[in-house]
Structure formats: C-alpha cells, structure tokens
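Undergrad: Feature list, courtesy of Swiss-Prot:
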{"type": "BINDING", "residues": "Cys897, Cys899, Cys922, Cys930", "note": "Zn(2+) 2 binding site"}
{"type": "COMPBIAS", "residues": "774-792", "note": "compositional bias 'Polar residues'"}
{"type": "DOMAIN", "residues": "35-179", "note": "domain 'Toprim'"}
{"type": "REGION", "residues": "400-424", "note": "region 'Disordered'"}
{"type": "REGION", "residues": "774-810", "note": "region 'Disordered'"}
{"type": "REGION", "residues": "937-1001", "note": "region 'Disordered'"}
Amino acid sequence: MIFPVARYALRWLRRPEDRAFSRAAMEMALRGVRKVLCVAEKNDAAKGIADLLSNGRMRRREGLSKFNKIYEFDYHLYGQNVTMVMTSVSGHLLAHDFQMQFRKWQSCNPLVLFEAEIEKYCPENFVDIKKTLERETRQCQALVIWTDCDREGENIGFEIIHVCKAVKPNLQVLRARFSEITPHAVRTACENLTEPDQRVSDAVDVRQELDLRIGAAFTRFQTLRLQRIFPEVLAEQLISYGSCQFPTLGFVVERFKAIQAFVPEIFHRIKVTHDHKDGIVEFNWKRHRLFNHTACLVLYQLCVEDPMATVVEVRSKPKSKWRPQALDTVELEKLASRKLRINAKETMRIAEKLYTQGYISYPRTETNIFPRDLNLTVLVEQQTPDPRWGAFAQSILERGGPTPRNGNKSDQAHPPIHPTKYTNNLQGDEQRLYEFIVRHFLACCSQDAQGQETTVEIDIAQERFVAHGLMILARNYLDVYPYDHWSDKILPVYEQGSHFQPSTVEMVDGETSPPKLLTEADLIALMEKHGIGTDATHAEHIETIKARMYVGLTPDKRFLPGHLGMGLVEGYDSMGYEMSKPDLRAELEADLKLICDGKKDKFVVLRQQVQKYKQVFIEAVAKAKKLDEALAQYFGNGTELAQQEDIYPAMPEPIRKCPQCNKDMVLKTKKNGGFYLSCMGFPECRSAVWLPDSVLEASRDSSVCPVCQPHPVYRLKLKFKRGSLPPTMPLEFVCCIGGCDDTLREILDLRFSGGPPRASQPSGRLQANQSLNRMDNSQHPQPADSRQTGSSKALAQTLPPPTAAGESNSVTCNCGQEAVLLTVRKEGPNRGRQFFKCNGGSCNFFLWADSPNPGAGGPPALAYRPLGASLGCPPGPGIHLGGFGNPGDGSGSGTSCLCSQPSVTRTVQKDGPNKGRQFHTCAKPREQQCGFFQWVDENTAPGTSGAPSWTGDRGRTLESEARSKRPRASSSDMGSTAKKPRKCSLCHQPGHTRPFCPQNR
C-alpha cells in the first residue's frame, strides 16, 4: 500500500499541550471497549510488557509474521474489563521513497529529486506485520501505542496509527509513555495514557524526507560522475553523501590535515630533582618551557652558579575527585568505547537488548538528571546480592541512601540510564556492559573521593619551581568504579624557609607533538558539540563512513581518512562550499527541535532546507571539475568528459498535464524507437498517449497552444515516415495534441491507455480522443473557427476526400498501409476463413475478408470503439465514436440499455460501409452513458437488449468472437431464423451477459 506523504495526517488528534487525559474522560472514552490492540516497537518489548501486565498469565498465538507474536490477556483498564491484544512491529513499519519513475538512477537528472514526489510505503518484508495489524484492528475498539518514547518511536507509532485507522477510521488511539520495562513503569503507563505527539513525529518525517532528497541527489551525482571519471578505481564503488555523513567525515579529515600541517618546535626547560630519604622529588619550572634556547640557557646558568634551594611556600588543601554524573546515551557510547573497547554501534545494540529484557532503562536519552520521584533506594537495594559490588551498594544505604551527582540536561522524556533489575546470568560483552552501567550508577549515587594535596614551592636564583603531592583520605566511589584512577603521590615534609642542595639542576630539550588522530569517543564528542545527528544516530553515521571506505581504523582504533574521503572533502572545499563542516546540518537539527516544541512549521523547515541544498547542488554540478581534480591527486588523471549530459539523463520537459491525475506528461521513447507521452505518476497512473510508429522524430516545440487547458500545453514537432501520410501532406510539421484538433487526432491515430493491461482487456485506439476530448470540452468552449489552428489547420484542409466504394479493392490498415490477406490455419470453426491484418504488425487492425470492405478510406467503424466499453465500463465524457454521426431523436423501440432505461436510435452519418445504418445507444448525455450499443437491424428478440459489441483486441467485436467459437449457420439460416437471446449467468435475465450485469457493478 502506498501512502502519499503530503496527506499523512491525523486531524482528530488534539494538540500535544492538552495531551493528558483525566481519569473521568478516559473512563468515558473507553466505555464499551471490549478489546484493545497494543503495539510495541519490538517483539521482545511486547513479550516483556505483556508478561508484566498479565502477571505471567498471557496467552501466546502466532501472527502473520513469524517474528512478531501476539500475546493476549485480560486487564482492568479505566474501570473496564478488556482483552488486551499485544503485538509488535520491527522498527519502522513504513519507508520513504521516490515514486517509481524516479527510483532508477538513470530515470532522471538528480536535480529532479529535490522536487520529485515522495511516498510512504510498506516494504515487502514488513507486509505480514502490516496485515497482522489490519486483521487485529478489525476486532478491536481501541489502539494503545507502546513504542519507544523518543522521536523515532513516536514516528513509528504514527505509522502504526496510519495503518490501523485505514482499516477502522473511528478507532480510539492512546499512547503509553514509559522509560523502562518494569512492573511499576508499565502499570503506571497504563494508568496514565496520553495521546501521541504529532509534532515529534513531524520532525522525523522532515528529517527522513530531507535525508532522502539530499542523499539521493548528491549520491547519484557523485557516483555516476566519478565512476565515469575513474573507472579503474571506482567502477563498483557507491559514493554516498549524507548531510550527517559528510560533517562526520569532515571531523576526521580536519584532524588528519591538522596533523599533516603540524610543524614541530624545539622547546627548552629547567628540571630540578631532590633525592630525599623518603624518595626522589621532581620540581617543575613555573615558566613551564621556553622556545628561545639562549634565554633558557642564561637562566639555567644562573641556577647552576647559585644552586641552593629555599622553600618559599608549603600549602596543603583538601582535594576531591568527582564521581561520575548520571549516564546519558552519548556518555555511554564514549565511555564504552574508551573503557571497554566496545564500539558505539555494538554498545547501542547490546543496550537495546538489555532494555527489552528489562535489565536497564531506556538507553536512548539526553537526560543526565535523575527525577525526584524516581526511587533510587530500591534500585540500589536490588544490587546488594552481588558478590562484586553488593557490599558497596549496602554501604550506600547505610550512609543515608543514594545521593546522585546530576548533570544539567533533560529531554523531559526519559531518566538517565540505570539498572532496573539485578541479574548474574549474562555473558560476554552483554555482561561487561551491564556491569559498567551498574557500577556507574552506584558510583554516581555514592560520594566523591577525598584527599589532601600538598604543594611545595622553592626558589633557586630567583627562578621558582613547584612539586605536588597527594594523600588519599577516602576512596569512596573509586572502590566500585575501577574505570577511574587516582593514586597517592607522597611528598617529604618540607618547612617554609628551610634550605637544601638539589640533587640535579639540568636543562632539558623537548619537541612539541601533533594532535592525535580521533578515537571514536573523540568523534562522538565532536558530533554532539556541533549538533550533528542525535544520540540515537551517532553510531550509525560513523559506521556509514567506515562502510563506504571514506575512513579506516589504525591498529590503536583511531580514525584515518582514506583517499576517497580526502578527495571528496577537498573537492567540495575547493568549490567554496564547506559541506564537510557541521553548520548546515546543525541548523537543521536546531529546526527539528523547534518543530518538536511547536515553534516552527514542518513545511516551512522542509521548503527552506530543500531550497538551500538544491542551490548548493546546482553550483556543485557546475563546478564538478574541481571534484575531479581533487580526486585526481589520489587516483591519477581520469577520463575527460565533454558534457554533463554524457553522465546524467536529460531533464524531462513536460508537454501537458495528465487528464487523470494532473501530473506532468512527458515525451518518452519506446524500446523499438517509437514515441509516446507518459504520465509522471506512473505506475499509480498509467495514462499514456501513443504516437503511431510512422513518427520518426518527435520533440517539444517552444510554442504553447492558446486553446487547450490547463495551460501550458506545448506543441510537438513531428517528422513522419515517407509514404505514411497522404501525398498532399508535409512530412514535418508542428501540431498540438492537447485535444483541440479532431482532424489531427484522426490523422495521428492517437492511442491512449489509462490503466494497467489485462489479459481480457483489448487495446482500443480512440482512448486518446476520449481523454483529450474530456480535457478539451470540459475546460474551455470550442468555437467552430478555433478547432484547427496553425499548421494542423492547413493539414486538415489538404486531406484527400474518402475513396468511393468500388474504386479499389485494397484494404488499408490503421497505419495507412495496405493490409495483408491471411488465412486461418488453426483447427476450429474459422479454419480456412480469410482475414486482413496489418502488414507490419504496428497496429491492431483486423478485418474478416467476407465482411463488408470499408475501402481505402480507413478501418471499419467498429475498430474505433473505445476500450472501456469492452469491459462493461461506460466511455468517458466527450468520447467520439468513429463512424457515428450526430445523435438522432428516435427511441429504441422498447430496447433497454444497461441502465435499464429505454434506449434511443441514432443513424451513422459518416461515409463508409455503415453509412445510413441505425443503432441503439444509451439515451443519457454523453458524459453519463453506460456504454450500451446495438445495431437496429440485428435479429434480436423483441423487447430485449443485446450485449454491447465493443471491439476486441484485434479489431473484431467480442460478440463476433463468441460466435466464431460455435458452429456457424449457413447464410440462409442466419437470414431467416431469429437468434435466441442470451441470458446473464448472474441474474438470468436476457439482454446482457455477466460482465455487463447491473448486479455485478
């Protein structure tokens, strides 16, 4: 199922400011509710929540997806005894993508992607989950969203809401808000249901759409171009771009270039040591260092000449080592990388698993402040049984309880990461990460380490030197937190004013060192500082630049940019656009926050950001050679390209608006070289106008038809095959196919298809006329002198008159060529019968040889009947049936049409074999006709209406096709014996068949 993004809204939802419901309101809202559908973000979460709410008495059954089970249990919800049906999705249920015609890389110029329509659809691997939700929704009266309470979780919740409300629009929707899967948390969530927050979901929609547009446009631009320029190196390489990827890569490149540009400098310093009976003490120069050798040498010589040291000051003061702050996501990623050597992606994967198992709180949080209503004492008590840290947990309780060190950040959604349940059954990295979270939590709730710092300052030849010592008095949190180190450094006792002879006074040289390459923790810190990504996406962006080979890792796990990464950053920087800098993306992240807060409109942010990146893209394409030059430094000289068009598909130029969906129709080329107009809404809209195969060249002219609506409808330049047009007509001319010129439509034999082909659906030839006329007639009047304009009017005036019957025995097909005479060889009632067919197979012309010959004037009148009627569908408004003249006023002599109304009788006025022949048709206006047609002179039982005989897929009628399958009566029999009327197999009434039965509509 496809969901247009622009229409994705739930108007019944109240504003998030009023999202809390009173208990009385909830009891009223849920009155009469018997079954409640609950949907979590993952199966493990659904199982855990259901187990806690049901006290372990849930009933499990299978869903349509084998990975997402269904858990049922009885529950008392707001005064109602209800059955809770708990199931899950697997992350995002829907995905963003361009409409089908833009998905292939060669389908359009990448610039189009900034404006191309985007849709939300359900990926194939999630269809079973979607069907499960639809099936369960039909049995339920309310829906409760149990997805994670962050931006992504809120958006996933709205995807679930969209799917469920499509099945049951009046479904009540509620939101459960929780931060951990514990009995208290989930029951509290059930007792305080709120409504989903549309604004938070909107922010995610904006971010997803921008990431798709920007990423797809730049990725296609880079990949298509650089693969052509450097085929030997990049032929198989996907060169992706992302507005978070590139700033992340930029940090790595910037540090690497800083190291490359670093010039070491020699410095000099004076070092003093004193060999005391209690140990060797090193005194540091208060000047630290000097870069001037002579100056340092002079001071050193003064110290050597008078080396006696005088103690000028002895200070002693308390020193504390702070315990860690409450743990948020970014700190978890950084500390796990530094202390445990687990990368950020793996850290978050393990943390998610521990969360769904109920061992820790929600791991994606920006909060480092414990809320006052969170019972920390209970959480500390849970850890007392452990032999490793249980005694420390007990000591916290004995000293008056936990006193956490809080930070200053809160996302108002989740508390800091903390353990929620004790376990000793974990293994490997899961056990290591769980232990780290527990120890961090206990350390945070403990006390700072305490010590006494002593500072001794001495004077030698008026130069000052300092030594520091430390005595730890209370380790406190250090006893449970081995990831921090704080050691004693003993200083001997010195008295102020005392003198001593230093053991050594020496001048030592050193050299400044460059900064180190970034570690993952360093990179995450930079991303957070500059607002690149969120705590939930940092790891993903880092993994992407590694997977694309933009960066690699050194043996000590530091990031080193690759040649491709360096070339891309340098190339864009040389264009004047610092796309590797964080400013553009940081601005977007700030806007997304404002959308969540209701301070900015999502559409305004979307429009501004698209235009900003689109302008950058246009100029980047114009300066693309700078990108080539930057990469050539690493890959060697590449292939020269003459023009941009050698790489990117041309921008499709719209000819007119589609009469079905109002999207642009563009000129395209068929595989065999022919031309047609295709709707940009394909495949949802399959409208197309097929030009005949005799058209050798077709292109859009700059002129616009002044008549056809809606404006603009561009004219076409056409060049025809020699001999395909009457001799009096030019082979090249400019014309309008917007529907204003009936004669031109007949000359071009325009064919229009409005839907997907079916096996039983014949291909008609005048549906172009049907659609074009509808557009033409319904939107502007057609004065008699304006129907033919410009060159098409001149063409119409030079048309030869129709050939009189008997002047030639040749039969002409719809292409204007002489048809070929063939004989039926297949076994059956028509074996041996001869028929005419298109010689080239280009058109669908077909005519039995023993049928009346229409002559060279064109194909038989029946061949002009519309496609829709062959399936029982009424022709569209404005349809002109070829060969039919003006409507007559006669009644149908008792014959009824498909509307069960009396038909009218009309007469064929157009020259041809059927001129003067009468027929019955629907009496309603052309726009409302049911499609009924019957010749008056056909032998039909009085008072009955025959089934319509619309053209089949090869020019013969369905009625004659049905007759050909039965034994054929002799001509005398057919002339003297009335046919038995056929009956419908559905209602058993004569006059029509099942496809045309009113009961089958």
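For all residues, glycine too, the Cβ spot is worked out from N, Cα and C.
For the listed features, I'd like the structural context: burial, neighbours, distances.
TA: Of all Cβ atoms in the protein chains displayed, 24 besides its own lie within 10 Å of the Cβ of Cys922 (Zn(2+) 2 binding site).
Taking the domain 'Toprim' (35-179) as a whole, pLDDT averages 92 in the prediction.
Per DSSP, the secondary structure of the region 'Disordered' (400-424) breaks down as 0 helix, 2 strand, 23 coil.
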Undergrad: Using Cβ atoms and a strict cutoff of less than 8 Å, what residues sit near the region 'Disordered' (400-424) while being 6 or more residues removed from its termini?
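TA: Same-chain residues near the region 'Disordered' (400-424) but 6 or more away: 149-150, 177, 179-182, 185, 322-329, 332, 351, 358-371, 374, 376-377, 379-380, 382-383, 385-386, 434, 437-438, 441, 444-448.
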Undergrad: Around Cys897 (Zn(2+) 2 binding site), how many other CB atoms lie within 10 A of its CB?
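TA: The answer is 25 other Cβ atoms.
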Undergrad: Which residue counts does DSSP give the domain 'Toprim' (35-179) for helix, strand and coil?
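TA: Split into helix, strand and coil, the domain 'Toprim' (35-179) gives 50 helix, 43 strand, 52 coil.
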